[in-house]
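> What follows is a structure written as structure tokens; I'll ask about it next.
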Amino acid sequence: ESQLNMVRVMEYLRYLQDPHLVARFQLICGIRGTLSEPVPADISTSDSCSMGVQRRIADVTDPRKLKHDMEDAPPNGAALSPGGESVAVRGSTLKPLRRNSLTGEAGQEFVIENRFLFYLFTFGTELGNELFYIIFFPFIMWNVDAFVSRRLIMVWVWVMYVGQCTKDVIGWPRPASPPVVKVEMFYNSEYSMPSTHAMSGTAIPFSLFFMTHGRWEYPYTLGFSLALCWCLLVCSSRIYMGMHSVLDVIAGILYSILILFFFLPALDMIDSFNLSSRYAPLVIVSIPLALALFSFTLDTWSTSRGDTAQILGVGAGVALASHVNQLLGLMPDLTADQLPLMVPTVSGGLVCSAILRLVLGVIVLVAIRALMKAITIPLVCWLFRVPSSDLRKARQHVEVELPYRYIVYGTMGFSVLFLVPLLFAYVENA
């Protein structure tokens with residue numbers, strides 16, 4: 001009986017990983033490939049414990065089999081009819097907004113039948129991309145609560161690092177196309193399990209809620225509802241984009257909850273160490289660097305390795321800036337008698353001030369990023385004798401990609417919490 005239950009569980013996991021389930025969700029939301037494969041009307045989980053079921057279970061638990069199936073699949077929903085002829089879907093077509101970050105592939109056209117859902121889920125998936133982080137974390141840092149922002153970045157760094165490393169260890173490919181339509185191509189060369197968008201889409205809103213409730217005065221129901229909507233939007237957007245199976249997303253949510261269960265109680269101790277320990281600068285710089293080196297040994301070159309070094313660099317930069325601020329007496333944390341904080345009345349002046357600070361700060365960050373990239377990449381290539389004529393190939397060398405990402409984004413993290421607030425103080429006092 002226990003073996004039967006195990007078979008049923010594994011069959012259900014296969015059902016959740018079935019790309020046809022993703023394709024059905026896309027079809028319901030109005031996404032079709034320009035060349036479409038019929039999607040089964042029903043994906044049943046009631047198969048008996050036959051040899052066929054056991055064979056399918058073996059396939060879903062064998063990463064090599066899954067990878068082989070994906071590599072053999074035609075591109076982006078393309079399929080042939082039983083007679084061998086193309087099956088066309090009429091309608092206006094679009095291509096993925098961004099090319100594959102590794103191969104440069106633009107992707108295949110697809111048909112949008114519901115533009116509202118397309119824009120909604122495009123927004124949702126952007127809540128887990130680099131541009132959002134560049135805007136969101138600094139906005140909270142400069143306009144809302146630096147204490148919450150720096151701790152939120154600590155959570156984000158750890159969740160994303162564990163998630164990226166787990167992806168490379170498991171090594172499952174993205175959902176096969178066909179039947180899935182690839183609405184997004186940027187991350188298509190990375191592995192799939194678990195969904196790090198789902199992990200960050202769970203960790204960030206709920207950590208923000210837990211950190212601010214009691215520190216800021218607002219209704220509990222409102223805060224929890226906003227966090228839940230944020231999480232559901234990000235997670236469902238990854239299925240809509242064809243980047244993850246339902247199983248990837250569920251695993252990402254549960255994995256994130258598990259990490260938060262252990263990490264949130266330790267935040268006070270970690271933050272206190274970063275602020276006041278004499279050994280903090282050494283630990284802050286060396287441990288993330290060691291973790292980045294470890295992640296670079298997990299698999300052949302992929303964009304996820306560089307993203308991992310980038311995330312760790314940001315975390316190290318912010319932690320180091322918090323230590324420097326503490327030493328210099330800058331941006332002191334609020335005392336208990338100053339809490340809870342009241343949500344200010346929204347006014348034109350407040351909105352304009354927040355937008356100006358954000359725009360000025362982001363311009364500074366973008367300039368620092370461009371400057372550091374222009375300096376770091378050629379310098380690292382020169383130091384390690386790597387040809388710099390083709391930057392895409394040069395960055396596939398660990399001795400280039402790791403220091404480049406770590407130094408550039410570490411500098412940006414340091415600037416977010418130290419240099420830019422210092423600039424704001426100078427401008428406001430001028």
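Heads up, the Cβ atoms here are built off N, Cα and C, so glycines get one too.
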> Transmembrane segment per TrEMBL sits at which of 362-383, 406-427?
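From TrEMBL, the annotated transmembrane segment range turns out to be 406-427.
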> With the transmembrane segment (310-329) as the reference, which stretch in 218-240, 246-267, 341-360, 406-427 has the largest tally of C-beta pairs below 8 Å?
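Looking at each of 218-240, 246-267, 341-360, 406-427 in turn, the most contacts to the transmembrane segment (310-329) are made by 406-427.
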> To what whole number does the mean pLDDT across the domain 'Phosphatidic acid phosphatase type 2/haloperoxidase' (150-264) round?
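Over the domain 'Phosphatidic acid phosphatase type 2/haloperoxidase' (150-264), the predicted model scores a mean pLDDT of 88.
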> For the transmembrane segment (341-360), find every same-chain residue at least 6 residues outside the stretch whose CB is under 8 Å from a CB in it, and list them.
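Distant contacts of the transmembrane segment (341-360): 135, 138-139, 142-143, 145, 215-218, 334, 423-424, 427.
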> Taking a Cβ cut-off under 8 Å, which residues six or more beyond the ends of the transmembrane segment (406-427) line up next to it in the same chain?
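Apart from its flanks, the transmembrane segment (406-427) reaches 137-138, 141-142, 146, 150, 153, 288-289, 292, 309-322, 324-325, 330-331, 357, 360-361, 364-365, 368-369, 372-373, 376.
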